[in-house]
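Asks: Below are the features listed in TrEMBL for this protein:
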TRANSMEM  A:25-42  transmembrane segment
TRANSMEM  A:54-73  transmembrane segment
TRANSMEM  A:93-116  transmembrane segment
TRANSMEM  A:128-148  transmembrane segment
TRANSMEM  A:160-182  transmembrane segment
TRANSMEM  A:194-218  transmembrane segment
TRANSMEM  A:238-258  transmembrane segment
TRANSMEM  A:265-287  transmembrane segment
Amino acid sequence: MLGAEVTFDVALPKVVWGWLVSTNMWAKSIATGTFLLGLYFIKKYPEQDNFFRKWLPILGIIFIGITLLVTVLDLHHMFRFWKIFVFAHFTSAVTLGAWVVSAFVIVLLIAFWSWVTGNKKLLDRIMIPGFILAFFSTIYTAGIMGEATAREVWVFPAEMISMLLSAMIAGSAAYLVVDAIYGNVLKEEIRRELGYILFGSAGLAAAMFIGELFFAKIHSEFAYKTIEILAFGDVAPFFWGGMFLTFIIPMVLVGIANENKKYQYAFLGALSAIVGLWLIKHAWLIAPQYLPLS
Amino acid sequence: MRLGFLVDLSRCMGCMACAVSCKAENNVPLHSWRLRVKYIDQGEFPETKRHFVPLRCNHCDNAPCERICPVSALHYLPNGIVNVDHERCIGCASCMMACPYNAIYLDPITNSADKCTYCAHRIEVGMMPACVVACPTHANIFGDLDDPESEISKYLQEHRDVMVRKPELNTHPKHFYVRGSTVALDPLASERPEGYTLFTDVEFLDHIGGH
Ligand code: SF4
Ligand code: SF4
């Protein structure tokens, strides 16, 4: 007997989690990445900490605000979002994430207050809890994806590492963009270091994608099909666009900028990384949703 | 008590009585389903075969939907049924992303997640699920898996070809099939051409979960 074909069925959803969720992950990478890198630069370059003490809370609040907004908008019962706090189910990474991000918002507000009042000690006191909360805010989505059992390419801990790298890409790129807009206010040394962080995290993230998709042993047929869709199917424009804009273009431009001290290239590379990150997140999110499950 | 389902696929004739009775019993809106019967045609004339597969929630013992639901809207009943609390659901669709069997839908009218509950409301008053009653060939066998004397337990003991969907995922489904085949139970074992086929429009909806 030869091939089999479905000849009668109900219509099935193609994409359940769409662009709002991609935007959530993208904005969260920027918010947490700028926080984590901001702390590092405040510690390492206390002589230029004003830049980071200002932009760490501003970028954090804007982008975590976007994250929260799209998260609530994506709920089919958006006015019930509070139930996650009163009927919390702690086996769910969604619940853990909501709690951790809420605490992170408080830290960002304190950091903002610290900058407004010039009370540096305030931020210094919450650096450690802030670091922990930003770290877990970055990785909890990987936990959700790991729990989304129907989508076999989203595996923990590979997702977790990928999200940390995304935060590093987004954080360094965001600071490079802000620095360029405000007329290269950062010391050259810091700008170069931001460039190296962007270069290194983009390189590692690209290697992870390529390795996982094309060289790893794929055990399930489901994962294999998803990769076909990602690389050659409907999602391919997002995927390849994301690969070029997030990884290849920033690496080349930041490389040129740091080698030749032409920092306008770093600005372009950083912009490209920020746009590309949304594309690659979107591709990775929707590709496994294209397959029939039943 | 651990309630389970078994479908004897050799008895199913694809009449859809179960699907229709489920829709009527549970007010399932158009474009949504708790129970559906999928047809798969295999082979080339004259070597052909048609498979009918009733699909519904498997009431997994280790249910990913229950684990991921942030507000416990999906929860276990003491009889093993995985039930839904529509009032509590926040509509995050995480359960839809977690269920490997595509058994959950977001009701476009209530905006809450919903799925087969083995007709928990009927069980509570001692009745059988609507689909069991409606089936003219008694292909649907429902009962207590913990009771060795129940019809379902006996069926499971007597048949060697018991199958569940995606056993490799360790969800421990409490929904079994006998006289089934991979073609019938594995979604990737058959092609899914979009557009009109012999009977109907087989398609993906572009964005049913979103807005
Ligand atoms: S089949 Fe899906 S909806 Fe039903 S219990 Fe299992 S995971 Fe949950
Ligand atoms: S959609 Fe409702 S039932 Fe499903 S996981 Fe979210 S809150 Fe729970």
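For all residues, glycine too, the Cβ spot is worked out from N, Cα and C.
Any TrEMBL annotation is an automated prediction that lacks curation.
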Asks: Report the listed stretch (A:25-42, A:93-116, A:238-258) having the maximum count of Cβ pairs within less than 8 Å of the transmembrane segment (A:128-148).
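Replies: Looking at each of A:25-42, A:93-116, A:238-258 in turn, the most contacts to the transmembrane segment (A:128-148) are made by A:93-116.
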Asks: Counting Cβ pairs closer than 8 Å, which of A:93-116, A:160-182, A:238-258 has the most of them with the transmembrane segment (A:25-42)?
Replies: A:160-182
Asks: What residues in the same chain, six or more past the boundaries of the transmembrane segment (A:93-116), come closer than 8 Å to it by Cβ-Cβ distance?
Replies: 28, 31-32, 35, 53-54, 56-58, 60-61, 64, 67-68, 84-85, 122-123, 126, 129-130, 133-134, 136-137, 140-141, 143-144, 146-147
Asks: Please indicate, using numbers and ranges, the residues of the same chain that are 6 or more beyond the transmembrane segment (A:160-182) and have a C-beta under 8 Å from a C-beta there.
Replies: 25-26, 29-30, 32-38, 41, 51-52, 55, 59, 138-139, 141-143, 191, 194-195, 197-198, 200-202, 204-205, 208-209, 246, 250, 263-264, 266-267, 269-271, 273-274, 277, 281
